[in-house]
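Annotated domain 'Response regulatory' per TrEMBL: 10-126, 134-252, in sequence order. Per TrEMBL, the feature domain 'GGDEF' maps to 314-452. Look at TrEMBL and you will find 461-714 tagged as domain 'EAL'. Sequence annotations record features per position, and here TrEMBL assigns 4-aspartylphosphate to Asp183.
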Amino acid sequence: MPKRSRFRRKVLLVDDSKTFQSVFKATFNSDTCELFICSTGQEALELIGSRYIDFICSSFYLPDMEGIELCQRVRHLTKNIAKPYVLLTSVDNSNAINKALPAGVTDIFHRQDIAQLLAFISRFPSSHARMTGRILYVEDNRSQRDVLKAILQHRGLTVDSFASAEEALQNFKDHDYDLVLTDIVLGGSMSGLALVNQIRRTTSTKGDIPIIAVTAFDDKTRRIELFNLGVTDYIHKPVVKEELFARISYLLENQRMVHRIEHTQQQLHANELRQAAKKINELAFFDQLTGLPNRVLLLDRLKQAMSASTQNRCHIALLLIDLDKFKTINETLGHDMGDQLLKQVAERLSHCVRSGDTVARLGGDEFVVMSANLNTHEALAATQAENIGEKILAALNRTYHFDAIPHHSTPSIGVTLFCGEQTDVEILLKQAELAMYKSKEAGRNALHFFDQDMETKVTRYANMENDLRVAVQQQQFILHYQPQIADQQLTGVEALVRWQKPDGSMVSPADFIPMAEETGLILPLGLWVLETACRQLAIWANQPERAHLTIAVNVSAHQFRQADFVDQVLEVIKNSGANPHRLKLELTESLLLTNVEEIIEKMIALKLTGVSFSLDDFGTGYSSLSYLKRLPLDQLKIDQSFVRDVLIDPNDAAIARTIITLAQSLSLGVIAEGVETEAQRAFLASADCHAYQGYLFSKPLRIDDFETFAHRYK
């Protein structure tokens, strides 16, 4: 077993794809690197602010910001100005590259090139590791020379420092050094450039030594001149300590690597070299758990098959197989049992395909079968692919045995059929994934082919997602306020966000709110809603006839679970001047499914400032009554789905009465939403519910229209 390095590189991956996180983690070398994973840019900034990170890999698109924006914000932190920052992208985009490099991005990698990326990371040592080597340092400014020499020695380097190039050159001839660091402008008859020239004229291998030039000039002509004269690298004044360490460490490690390779080539026998190459190939191209080809090898074979298909016109089928409820297996039986299941699935899949087909594991519980050389006629090729899929369904439906204990698992399969090089490999995988999700929607344990309707939906979804990102950036939203009436008095409103595009058209919340949740855009959107509502509260505080009104603001589970959510709310209240006693946060029952103790703690912290809480859509979720009585709630909200049929459905009527009784027993207020008729209101009043919200009183209104409406109530 390899010894774990004491000074492992601290590598941060910022990507919201769980699949990519798993693939990256599976191929990561934990003996030399320590991996940290964040799903959003804000999480990454918090982590970087709390601990040192050596290397950052970020997706081009993150839920809350672009990778380029994250890079710029990282670069603004002084200690991160020279930190390697790599962008990961799924497509070739020259415009993105043109924007990325000036923003401080070190390099750009395709997401599928994980092996190349890990090799790139391995060449950047830990910023905390001690370095070894002997450096010749030339600087005529004594104070600068003494300070930098002490810093380099503190990092473990042996440093011989000189004020003149003449002294330095003589010592270079008399001793062996690993690197030269010299200022270009020196006092005396010999300049730093002249010293570089003399070193490069040395006939022995000593003349190949790495040389770093320190210069106050940063124009292109001078840089070209430095490299033409033999400078290996240069650093601009004033010297940034971390940048200098990175450059020295890279050059020293590169020099040692050359020596190690030369030594290894002399020592290793041919058989040992073959074994090493085989192991490297396995690590780079095969899944370590199942022994199947990994994503990298699959994509390579897929590209070859597509090229051949262009010539012979034979169809290719990609079958994406996802195990149903695999997460439940891991959680109930343990990860060891989950791994056993994956191994058995891999073995069964391998027996379902033809010779020449590829079975690969993408990561997690996702497998892919690539079947090439199918019939040239699409209908016949589809039949062949369906037969393979049916065979897989039958094989994976057979009982599994873990330590003699039987267990059942089923797959959902998506198939895409194509011919030639008509599209990108990532798009093909996405098509198979869409078809797989269609199988899951149909009840799981099924097979579906990709069709253009799916692609149309995906395109429409992608366009809408892009529009939503722009809308969040440009704040293309307005708040509507729906009145809340209690005992014939106007007591407050619920703030409801609306998306108004620049052309004046409105997008339904039913369309963009779920998308905002899925993409993480609910975080900046939710913060905007809270800020806007609190500003309105501050305005009403100066109007005697409005000062008593409360505003209810919906808070998503994703938003509430942020570590700094309480601080966010308190900061918004402080900045807006709103009265916290007039702010009501509406939570959903889905929030109560996990980490209830943490939820209660956050609620109490806000309650102490005067903020109140309402449990929204009560009765539609799975709230535990034992938790409900512990939550510091102020109100239960009867969901409109019960109110709508309360007069015609005895079950809904019974549920409404039960919620009202429950609220009273817990000393909570109760309000019914979706009240549209006087008959519904009368029923609720007879059940002792006297607070209402719905179209019987008013639809959600723009602020100007609400002010007009409010004049009816004194």
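Quick reminder: no glycine exception, Cβ is built from N, Cα and C everywhere.
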Quiz item: Any contact between the domain 'EAL' (461-714) and the domain 'Response regulatory' (10-126), i.e. 3 or more CB pairs below 8 Å with pairs at least 6 residues apart?
Solution: yes
Quiz prompt | Segment-level pLDDT (mean, integer) for the domain 'GGDEF' (314-452) | solution = 90
Exercise. Using Cβ-Cβ distances, find the residues under 8 Å from Asp183 (4-aspartylphosphate) that belong to the same chain and are at least 6 apart in sequence, listing them in sequence order.
Key: Val138, Glu139, Asp140, Asn141, Gly192, Ala213, Val214, Thr215
Quiz item: Could you count the residues of the domain 'GGDEF' (314-452) that DSSP puts in helix, in strand and in coil?
Solution: 62 helix, 42 strand, 35 coil
Self-check item: Three-class DSSP secondary structure - Asp183 (4-aspartylphosphate)
Solution: strand
Exercise. Please work out the helix, strand and coil residue numbers for the domain 'Response regulatory' (10-126) from the DSSP assignment.
Key: 50 helix, 27 strand, 40 coil
Quiz prompt | Within the domain 'Response regulatory' (134-252), residues counted as helix, strand or coil by DSSP | solution = 57 helix, 24 strand, 38 coil
